[in-house]
Amino acid sequence: MKDNKMLFIIFMIGTFTVGMAEYVVTGLLTQIADDMKVSISSAGLLISVYAISVALIGPLMRIITLKVHAHRLLPILVAIFIISNLVGMLAPNFNVLLLSRLMSAAMHAPFFGVCMSVAATVAPPAKKTQAIALVQAGLTIAVMLGVPFGSFLGGFANWRVVFGFMIVLAIITMLGMIKFVPNVSLSAEANISKELTVFKNPHILIVIAIIVFGYSGVFTTYTFMEPMIRDFSPFKIVGLTVCLFMFGLGGVIGNLITGNVPEDKLTKNLYLTFLLLFVTIILFVTVIQNSILALIICFLFGFGTFGTTPLLNSKIILSAKEAPLLASTLAASIFNVANFLGAIIGSILLSIGLPYVQITLISGGIIVLGMLLNLVNQLYEKKHITFNEYS
């Protein structure tokens with residue numbers, strides 16, 4: 001992997017940039033709503049539109065481009081990101097900004113999927129999981145540092161400056177990919193029909209249901225985390241930035257801890273992370289009114305959110321033996337279906353006048369549904385799954 005040091009650095013810059021683009025709007029929601037003269041619930045559509053584009057357009061783009069070599073495909077995907085975020089930065093109205101988010105998100109799932117596939121291909125056999133983790137580290141760092149930095153920069157300058165910052169990083173990424181991404185084959189044969197049979201796998205369908213109907217509860221609250229902190233906590237812009245940093249720090253630690261859970265312990269650990277999410281979400285509005293407790297609960301919320309992700313991500317990728325090329329893209333897409341549902345539910349509840357306290361209670365109820373579906377998953381695995389089957 002030392003021979004590919006620059007390649008992994010470029011991948012991490014790229015995944016940091018795309019990850020920041022996905023999540024940074026959460027920290028800019030109030031500012032964008034004020035600038036574009038729309039309600040907070042309408043501004044929340046910037047998150048749900050991004051998520052549904054990743055979920056629906058992303059897999060379609062990956063299927064269409066399965067036979068395009070990575071060294072050609074990756075710079076094209078980054079170019080789409082640059083153009084769409086330039087449109088967003090210069091957007092004269094909210095509808096144009098929404099369109100730019102739709103365009104930007106279209107490259108998200110195939111970009112992450114191809115980066116992880118290339119990383120695994122160029123790494124020695126014993127280092128493949130480490131290589132994938134390095135690529136994903138860019139996203140983790142984006143949540144920990146990129147989102148609070150973007151919120152801070154937007155607070156002292158303008159949200160459009162944040163978009164400009166991401167464009168500069170994307171240009172660096174594109175130039176680096178043109179120079180350093182090798183011409184490697186990701187699969188001996190791209191068999192689309194075989195890859196699509198993954199949707200006949202009952203185990204995959206159950207895990208998808210857990211993500212879509214359970215994990216979506218996270219985003220019913222997370223989408224409006226920034227306005228909730230503004231409205232209920234004693235913090236101004238610096239305190240808000242620290243809260244978002246604590247969320248990201250919790251996410252990094254949660255990701256590191258649950259990222260090492262063995263395959264046969266994934267399901268049991270899901271109960272623990274879902275329980276943590278349930279407690280932090282239903283208490284969120286009450287607890288953030290105290291400055292010290294606000295930092296603690298933001299940390300725990302981040303820990304639960306990104307501690308759950310690798311557990312579910314691993315279950316999809318390890319189970320999807322029929323789809324070695326589509327698996328990573330499928331995982332990103334399903335999570336974004338959940339993100340879309342959670343964000344749109346939150347937006348609807350807010351638009352009909354429900355207070356944030358009631359929205360978080362409904363969000364917690366969705367998490368409980370995820371726990372019940374995990375019970376179904378546990379019963380299925382006990383009857384049908386041998387865990388060395390996918391190794």
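Just so it is clear, glycine is given a Cβ too, placed from its N, Cα and C backbone atoms.
Curation plays no part in TrEMBL annotations; they are all automatic predictions.
These come from TrEMBL:
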| type | residues | note |
| --- | --- | --- |
| TRANSMEM | 7-26 | transmembrane segment |
| DOMAIN | 7-382 | domain 'Major facilitator superfamily (MFS) profile' |
| TRANSMEM | 38-61 | transmembrane segment |
| TRANSMEM | 73-92 | transmembrane segment |
| TRANSMEM | 98-119 | transmembrane segment |
| TRANSMEM | 131-153 | transmembrane segment |
| TRANSMEM | 159-181 | transmembrane segment |
| TRANSMEM | 202-225 | transmembrane segment |
| TRANSMEM | 237-258 | transmembrane segment |
| TRANSMEM | 270-288 | transmembrane segment |
| TRANSMEM | 294-313 | transmembrane segment |
| TRANSMEM | 325-350 | transmembrane segment |
| TRANSMEM | 356-376 | transmembrane segment |
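Here the transmembrane segment (294-313) has Cβ contacts under 8 Å with residues 140, 143, 207, 210-211, 215, 218, 221-222, 225, 229, 233, 235, 242-244, 246-255, 257-259, 261, 266, 269-270, 273-274, 276-277, 280-281, 283-284, 287-288, 331, 335 of the same chain, all six or more residues outside its ends. Contact check: the transmembrane segment (98-119) against the transmembrane segment (202-225) gives fewer than three Cβ pairs closer than 8 Å, residues 6 or more apart, which falls short of the contact criterion. Per-residue pLDDT, averaged across the domain 'Major facilitator superfamily (MFS) profile' (7-382), gives 90. It is 131-153 that, among the stretches 7-26, 38-61, 131-153, 202-225, 325-350, forms the most Cβ pairs under 8 Å with the transmembrane segment (237-258).
Stretch with the most C-beta contacts under 8 angstroms to the transmembrane segment (356-376), considering only 7-26, 131-153, 202-225, 270-288: 202-225. Each of 7-26, 38-61, 131-153 was scored by its Cβ pairs under 8 Å to the transmembrane segment (73-92), and the highest score goes to 7-26.
Ranking 7-26, 270-288, 325-350 by CB pairs under 8 A with the transmembrane segment (38-61) puts 325-350 at the top. Of the candidate ranges 159-181, 202-225, 325-350, 202-225 contributes the most Cβ pairs within a distance under 8 Å of the transmembrane segment (270-288). Residues of the same chain lying 6 or more positions beyond the ends of the transmembrane segment (131-153) and with a Cβ under 8 Å from any Cβ of it are 1, 8, 11-20, 22-24, 26-28, 112, 115-116, 119-120, 122-123, 161-162, 165, 226, 237-238, 240-242, 244-245, 247-249, 251-252, 255, 259, 302, 306.
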